[in-house]
Amino acid sequence: MGNDTPFAQRPVIILGAGIIGCATARQLLLNGFRVILVAEYLPGDQNIFYASAWAGAAWHAAGGICPEYQYLQAVTHRHLLMMAQEDLESGVCIVDSREYLEQPPSSSSLWGKNVVSKFRELGPDEYPSNFSCGWAFDSLVTDPTRHMPYLGKKITSLGGHFIRKRVESLQELYTMFPESYIFINASGLGSKSLTDVQDDKCFPERGQNVFLRTGNCKTMYFRNGKEYTYIIPRPLSNGLVLGGVKERDNVSPEVDMEIARDEIARAHRLAPDIIPENPSEDALSYIVGIRPSRQGGFRLDSEQIGSRIILSAYGFGGGGYAFSYGVADALTKMVEKAECENVILQAGS
Ligand SMILES: Cc1cc2nc3c(=O)[nH]c(=O)nc-3n(C[C@H](O)[C@H](O)[C@H](O)COP(=O)(O)OP(=O)(O)OC[C@H]3O[C@@H](n4cnc5c(N)ncnc54)[C@H](O)[C@@H]3O)c2cc1C
């Protein structure tokens with residue numbers, strides 16, 4: 001491909017093949033763009049620094065976020081719902097959810113009731129007496145052990161290409177693809193060490209979950225308050241993900257059995273009917289992953305650097321799945337805008 005390649009035929013280059021890079025690649029391909037993803041870890045890999053392999057991954061309306069970010073989550077919900085209804089291979093399922101609150105909710109945390117189905121307030125006899133209120137609703141869970149390989153296959157079948165490679169800088173990518181002018185940085189925690197990004201606000205946040213193999217895996221539970229606890233069902237893998245924990249700047253791959261025991265105990269207190277106090281060892285396995293967190297929240301923006309457009313989408317911490325398809329949609333709009341400016345407006349001036 002030479003320099004005389006028309007703008008619209010130059011591939012969009014995505015650094016990173018986690019849920020953010022892959023969801024974006026899928027959306028761009030559906031919109032008719034050529035896409036190449038460059039990443040050290042690819043769908044199906046299991047390195048602890050590849051967060052997308054380890055997520056719960058529940059859709060849960062985040063509290064304390066601005067309306068624009070709420071909408072990103074709502075768009076994600078729309079896409080995931082479609083997959084749950086039409087594509088079993090995607091690993092997305094609709095599940096009954098219960099959320100128990102210690103304090104009455106602030107109005108800002110209730111926005112999700114306009115997005116989910118079957119939202120209702122629970123009566124006092126429907127939640128444990130140590131809580132002040134509770135909600136039931138249908139939510140969505142994504143099994144990443146199925147979803148990432150599914151997305152990888154989807155991207156390839158739509159004409160996208162993966163290149164397995166670790167780069168040290170964005171500049172290295174510009175050299176690899178001199179004819180491209182739109183680059184998307186979806187490198188998660190990688191943005192801390194890329195030499196021309198070096199975002200010091202990024203930090204690793206270790207997560208560790210217990211996977212309990214059980215056929216009783218239809219309902220999701222959240223404890224919203226003192227104990228950060230969730231029980232996320234994986235109906236297609238016959239089990240429940242029990243969590244959670246957030247450990248800033250810890251990157252140990254070893255399972256911490258004290259945390260695991262505490263997570264089982266917390267899950268048992270939250271849903272004693274489905275989580276035994278002492279589950280049998282052979283029903284248990286453990287999940288360890290590093291969340292790509294960022295002080296002040298994620299980046300989702302566009303910059304013109306020289307003749308190139310750089311879109312940044314990283315730092316999603318514990319919410320990358322809940323934001324994924326909304327972020328992909330937003331990035332696709334940014335790419336369309338850059339295309340319009342380059343192909344039509346500048347060319348015409
Ligand atoms: C235990 C646990 C539970 C979680 N539960 C949930 C949940 O319930 N709901 C939810 O929404 N989220 C959850 N998350 C968070 C979610 O997993 C992350 O937010 C999400 O996976 C981040 O995706 P990403 O694509 O930004 O990053 P990643 O998945 O980490 O992908 C980064 C990509 O960039 C590539 N890369 C980085 N640097 C370089 C480089 N220099 N050169 C080449 N390639 C590079 C990597 O190889 C990789 O392909 C959980 C996370 C953990 C660990």
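Here the Cβ of each residue, glycine as well, is placed from N, Cα and C on the backbone.
Quantities reported herein were computed from a predicted structural model and do not represent experimental measurements.
As annotated by TrEMBL, domain 'FAD dependent oxidoreductase' applies to 12-333.
Cβ-based neighbour count (10 Å, all protein chains) for Val167 (FAD binding site) stands at 19. Per TrEMBL, the feature FAD binding site maps to Val167.
DSSP assigns Gly318 (D-dopa binding site) to a helix in the three-state reduction. The C-beta environment of Gly318 (D-dopa binding site), restricted to residues of the same chain at least 6 apart in sequence and closer than 8 Å, consists of Glu205, Gly207, Gly244, Lys246, Arg291, Ser293. Sequence annotations record features per position, and here TrEMBL assigns D-dopa binding site to Tyr230, Arg291, Gly318.
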Cβ-centroid neighbourhood (8 Å) of the D-dopa site, Tyr230, Arg291, Gly318 excluded: Ala55, Gly56, Gly207, Gly243, Gly244, Lys246, Gly317, Gly319
Neighbour count (Cβ, 10 Å) for Tyr230 (D-dopa binding site): 23
Alpha-carbon spacing, Tyr230 (D-dopa binding site) to Val167 (FAD binding site), which is rounded to whole Å: 36
